[in-house]
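What follows is one structure encoded as structure tokens, with my remarks underneath.
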2 protein chains.
Amino acid sequence: MTEIPKNHPRYESLMAREQIVAGVEKGMTSRQGLIAQGRGEAFDYLIGENTTEGAAYAEAVAVCLLLLAENPVISVNGNAAALAAAELVMLSQLTGAKLEVNLFHRTDERVKKIIGELKENGADVVLGENAEPLLPLEHERAKVERDGIFDADVVFVPLEDGDRCQVLTDMKKLVIAIDLNPLSRTAQTAHVSIVDNLKRALPNMIDMIPEFRNMNEEDLWEIVDAYDNNVVLMDAIETMKENLTAKQNEILGIDEDSDKNDGKPDETGGKRSGNDKRNAEREEARRNARIQRNAETARKVMMRGGDLMME
Amino acid sequence: MTEIPKNHPRYESLMAREQIVAGVEKGMTSRQGLIAQGRGEAFDYLIGENTTEGAAYAEAVAVCLLLLAENPVISVNGNAAALAAAELVMLSQLTGAKLEVNLFHRTDERVKKIIGELKENGADVVLGENAEPLLPLEHERAKVERDGIFDADVVFVPLEDGDRCQVLTDMKKLVIAIDLNPLSRTAQTAHVSIVDNLKRALPNMIDMIPEFRNMNEEDLWEIVDAYDNNVVLMDAIETMKENLTAKQNEILGIDEDSDKNDGKPDETGGKRSGNDKRNAEREEARRNARIQRNAETARKVMMRGGDLMME
């Protein structure tokens with residue numbers, strides 16, 4: 001793996017990227033998994049790379065459901081194994097959920113590699129090798145184990161595809177999904193949609209287990225019943241809009257503390273003659289005027305009052 | 001390449017993904033390129049997978065700048081070559097811009113492969129093999145050709161990294177970037193930021209050339225001078241916010257035409273007995289009540305008046 005300094009502003013995101021690339025090298029993660037990781041990065045950036053209040057709520061409800069379930073199963077794909085094998089194993093052990101490898105681009109080799117990775121991280125039994133085409137989907141994607149996902153009452157699917165999520169809910173299973181895209185079909189279809197990074201969501205959930213483990217079933221069901229997935233989705237989208245507005249304000253704000261921007265040292269270096277200095281001042285004045293104009297027009301666009309196109 | 005039906009709702013996006021994977025197989029595109037493609041997909045989805053008015057404006061200004069430039073250079077990386085080799089060659093021929101292969105994860109082998117791809121698509125000369133470390137960046141990323149990007153007055157960089165974009169503007173070059181992420185450092189640093197998919201932007205630009213080719217320099221400069229990059233960025237972010245709001249309304253709209261959702265055929269199939277029918281009606285009433293509540297709470301969240309967390 002490439003060495004990334006811990007103080008890099010995007011350390012977490014870059015580390016995750018390295019883990020996914022390592023997953024490809026280990027033969028666990030597919031090329032499509034790399035593209036999916038990129039999509040996730042973009043949505044995570046928009047969500048603020050933080051667990052929102054709504055996501056924490058969904059994570060709590062997910063823990064309740066896993067504790068309530070009679071036959072919960074955690075579905076594991078190549079990206080999940082590359083990013084959080086140890087956390088998946090721990091969640092499985094603490095909730096009694098089975099682990100089942102379930103791949104969109106399934107090959108027996110990748111299934112074996114992922115099972116190996118989970119076992120290296122402490123898993124005892126991992127399902128997936130004896131999968132049969134039991135779901136109403138085309139052959140390879142239809143495969144699940146009879147004692148695993150097929151019989152499960154609650155399925156926890158970090159990073160699932162929309163079709164399969166739909167099929168699982170049609171089979172009356174309760175589906176918990178982790179998906180950073182609140183607009184995805186998976187997020188819209190699952191019963192509990194955790195709009196959070198897998199690498200934040202799983203440790204959060206593990207931390208929450210002691211709080212819920214000793215509650216009686218009735219209290220747990222009360223929490224689950226009160227949960228409203230649309231509210232959580234709405235909240236995630238709202239957070240993205242707020243972050244986009246903050247970015248707009250940041251761009252517009254340039255003129256409000258322009259001295260901060262213009263006060264930075266001249267990058268060409270060296271001392272300036274009097275002439276150079278006057279030129280520089282003129283240049284600065286011009287730039288300020290331009291920035292001023294930008295901010296004014298940009299504000300109009302934010303209000304959708306401006307006419308963008310040249311005539 | 002996987003066969004994708006032309007009528008698939010996400011045909012363009014899936015085709016691009018296949019092209020990028022093919023680029024990796026050909027040795028042109030890096031694994032990081034796959035992740036970058038995923039990020040692009042997410043932002044393209046938010047922008048509506050369409051050329052916005054603001055993007056069309058930026059594309060027009062980019063064409064003017066390429067026509068005005070004395071030594072314009074089109075920088076080509078592995079993703080650009082995988083997605084639009086023919087269009088890059090055509091743009092180069094119609095504007096007189098040189099082509100230079102310039103990679104973030106540079107290897108001589110990848111440079112050669114990309115040059116080969118561009119030549120197969122009709123390019124005569126492609127720079128990049130004789131690059132020297134001329135930019136103030138660490139060794140590999142510093143490499144550009146002296147007669148190419150180093151001497152260029154206008155550099156067109158589809159899919160550039162932020163550091164290098166900054167260095168090029170510091171060198172007083174005019175930089176045109178294509179970047180679907182209006183929040184990226186590249187988009188914020190370039191003089192003209194085209195927030196559009198490469199595969200839409202390049203054909204648009206090629207189509208615009210006849211309109212501008214016969215204009216005199218003064219008129220072209222007038223168009224360039226009137227251009228305001230912040231307005232275009234603001235517009236792109238605004239479009240994303242609007243699309244997110246539309247999605248929220250779609251989720252909230254469930255109750256407004258609930259008969260559309262509830263009228264769909266019962267997926268369990270078969271005829272219902274009178275008892276079943278009464279149960280189904282009760283079930284439907286319950287579901288409607290729940291949906292109603294969802295919409296109400298969700299509206300509150302949109303107004304940020306609701307309290308999400310359970311007590």
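Glycine is treated like the rest: Cβ placed from N, Cα and C.
The feature ATP binding site is assigned by TrEMBL to A:R17, A:R39, A:D179, A:L180, A:N181, A:R185, A:T186, A:N197, A:L198. Positions annotated as region 'Disordered' by TrEMBL: A:252-311. Annotation comment: TrEMBL describes A:260-287 as compositional bias 'Basic and acidic residues'.
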Residues near A:R17 (ATP binding site) in space but at least six apart in sequence (CB under 8 A): A:Q37, A:E41
Reduced DSSP assignment, A:D179 (ATP binding site): coil
CB within-chain contacts under 8 A for A:D179 (ATP binding site), separation at least 6: A:L159, A:E160, A:T186, A:A187, A:A190, A:S193, A:I194, A:V195
Largest inter-residue Cα distance among A:R17, A:R39, A:D179, A:L180, A:N181, A:R185, A:T186, A:N197, A:L198 [record-listed ATP binders, Å]: 24
Other C-beta atoms that fall within 10 angstroms of the C-beta of A:L198 (ATP binding site): 22
Number of other Cβ atoms within 10 Å of the Cβ of A:T186 (ATP binding site) across all protein chains: 22
Residues from the binding-site residues A:R17, A:D179, A:N181, A:T186, A:L198 that lie close to chain B, Cβ under 8 Å, in sequence order: A:R17, A:N181
Other CB atoms within 10 A, centred on A:N181 (ATP binding site): 24
A:L198 (ATP binding site) - helix vs strand vs coil (DSSP): helix
